[in-house]
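Visitor: Submitted below is the structure of interest, expressed as structure tokens.
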Amino acid sequence: MKTPSTFARRTLLKMAAAIAFTGALSVPLSANAAQAQVDSIHFLVPGGAGGGWDGTARGTGEALKKSGLVKKVSFQNLSGGGGGKAIAYLIETAEQQKNTLMVNSTPIVIRSLTGVFPQSFRDLTPVAGTIADYGALVVRNNSPYKHWNDVVADFRESPRNVKFAGGSTRGSMDHLVPAAAIKEEGFDPRSLRYIAYDAGGKAMAGLLSGEADLLSTGLGEALEMAKAGQVRILATTAPKRTPDAPNVPTLKEMGNNTVFANWRGFFGAPGMSDSKRDELAKVLGDMYDTEAWETVRSRNGWVNDYKPASEFVSFLESQEEQVGSLMRELGFLK
Amino acid sequence: MLDGILTGLGTAVMPMNLLMVFVGCFVGTFIGMLPGLGPISAIALMIPITYGLEPSSGIILMAGVYYGAIFGGSTSSILINAPGCSSTVVTAFDGYPMAQKGQAGKALALAAYASFTGGTISAIFLLVAAPALASVSLSFQSADYFALMVLGLTAVAAFSGKGQVLKALLMTVLGLMISTVGTDRSTGVERFTFGYIDLMDGISFLLLAMATFALAEVVMAVLKRDHLKEEENQTDSSQIGSMAVTKEEVKEVAPTALRSSVLGFIVGVLPGAGATIAAFLAYGMERNLAKAKEKLKFGSGSLRGLVAPEAANNASSSGSFVPLLTLGIPGSGTTAIMLGALIAYGIQPGPRMMIDNPDVFWSVIVSMYIGNIVLLILNLPLIPYISKLLMIPRTVLVPMILFFAITGVYLVSFNTFDIYMMVVFCAAAIGLRMLNFPMAPLLLGFVLGGLMENNLRRALMISDGSLSFLWERPITLVIVCITVLVLAAPVIQRLLQKKRNQSAPDTEFSAVNNEKKA
């Protein structure tokens, strides 16, 4: 009988695979730091492996580790409730989360406004905003729209003429950006036709198939799409033209005052001491000058946008106000 | 283009890249076999490794892992009724009954041949027509996707045996209902979440499939432990059986493999569908094409029912490289991760990729062809060993399946709520199975429901609420017509048969009668 031995071997193999697998997700990279500013940082990712939050946390962790700014980094994924699960977890276990940084982005503002989760950024300790992306409105190469004003003219004729596609649900960032732009032109944002797709890629397919006229997405993604050569970027919501896209006009320079930034940043547990917060914010700030960060940044096409502690908080407050008033007008909030 | 293919061949057969094909296929098959761990987990695991490689090698490795995982996923579907990944759920419908009948070896071998056929045919399609096919991916609009999903729903017939029609329909409706849980995309409103934030993102297909198949299966096995009959079955199913496939069997399944490969490839090319849908559609198509007698075999170990989804899901995974490479559009979570990896290499997938990075473009496609051969060589000799899994005593096998099924689902979301949810679904599934409700239509309704609803909502919004989108575009109209035909076929058949029976004594009269009718 060779059953037992076969079985034992297989079990061992499976176990090894399982361990290797979980290991790759959570075990810190080997230590090689000389003078680290911070001993260890534990990154909490409110979404699954492979998403945007995951990439930001792991990229930042990799840069901090390789540059020797932090001795040890570890990661933990906890998805659910659009990030609400991780927020609740961070608050509940605040005592044990002295070195934890949770990654998040604009949706934390939107989702706490709409009541997806009861908490807001005020229940956490905002440490620093690190990177930003702007909204972009994209059209097919052969689209009759050459200028934002063409869209406005068509919209004036009838709001039914213009169909905006986006890779997320109604009331999400992809919806809010065109709604804000339309509102700036003096129209009722509720008359906007927004067609929601399951993901950015599918929204892009919708635009290219001709069933939608404009696509609302992030500038980073839009630039990649434009490089592929099938679409043009009509306008961005950046305050001024960005170095990565010097030829793309901003809405602002076309007389529409919509400015909208989708940030990504890090939060600590509630009750984090000011000194700890400043220490973490400083290490994130020092990261920008390292080669390791530049590698990660350029690999992902991120735009540096450092906002430490108090600056971060006031930015969050102003964004909350901007998004809140727009969502009230769209009827998402009462 | 010939230049390109030659460049690709040159790059693909470099020792390093051949090694990557091999490693990718091996790792992919292995991870795919573990219940619940599918291509996404496998590729996410590979990403850190690919950073140190040349772009072509990295992408070849990831592609190998991708189709390797889909290839390997069928093994656990067949042997233990625990789908390795979502696209091999359908494989369990007929593969597991075969294993129970003591034909595990044959089932695994057929699955391997079918996957090979699917993979090879679509690699050839990719090679000769990838750029031209880009326009196919873009010709589909929401209305067409909606029609396609409705057509897919007709596959429910494939799951309803004698006297089971009502039960199958009920389960389909239940599946459609479960698919509405979560945030509604078109309005942003939460539905059936009962205030749980964990339900906001909806329920994942893999979770539902693992709970209703893998978990329910092992718990049923424990519940039925004392039955003597079951003991007999147990000894019976531990027989692996011969791997040999007879000439007649090859003849029977060859057309199925070809049809399903083509169908799977086309569905894969569409960014809004995917390998799981492809497998369901191929299964449904085979059932609808089968003769009345064969129809009854579906769900209880039909060879065609096994071959169709296997060929289709592999063809579809290769097909999904068309929108990824030629348009830069990812059709699934897996290809989205690969898109990110390509961009990280500084390669922009899209119409220009063939011109800017011909070596990467063509070598990936050529490597798929090589990869399919590697998979076949790798897997066929392993079948006798792998199928020994069935000889593991149940006391060991049951906890192992439980462990891997639950870990597999947990590792996707890292949310413990998912585990509770699995338990609830498993309990419900056991109750329903005891009442002889089939589980497959539930999954069919669920997997098609979400896509069907979202596409219908979009189509309605685009056409200003008018139903005219159903016939305005030729593609939609064709799909709608096929659906009507499929639904009407059995009715017409029965009417004709009735007539024939009535007029059987007097054939001359019936001929005249038919002419008059015409």
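Think of each number as a place in line: the chain as shown, counted from 1.
Each Cβ is built from the backbone N, Cα and C atoms, and glycine gets one as well.
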Visitor: Pick from B:165-182, B:417-434: which range has transmembrane segment per TrEMBL?
Guide: B:165-182
Visitor: Which range out of B:142-159, B:262-283, B:395-413 gives the transmembrane segment (B:203-223) the most CB pairs under 8 Å?
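Guide: Ranked by Cβ pairs under 8 Å, first place goes to B:395-413.
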Visitor: Count, for each of B:59-80, B:324-348, B:360-383, B:395-413, B:474-492, the Cβ pairs lying under 8 Å from the transmembrane segment (B:142-159), and report the range with the highest count.
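Guide: By Cβ pairs under 8 Å, B:474-492 leads among B:59-80, B:324-348, B:360-383, B:395-413, B:474-492.
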Visitor: Let me check one thing: do the transmembrane segment (B:59-80) and the transmembrane segment (B:474-492) come into contact, meaning three or more Cβ pairs under 8 Å with sequence separation of at least 6?
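Guide: With fewer than 3 qualifying Cβ pairs, these stretches do not touch.
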Visitor: Average pLDDT across the domain 'DUF112' (B:18-444)?
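Guide: Mean pLDDT for the domain 'DUF112' (B:18-444): 84.
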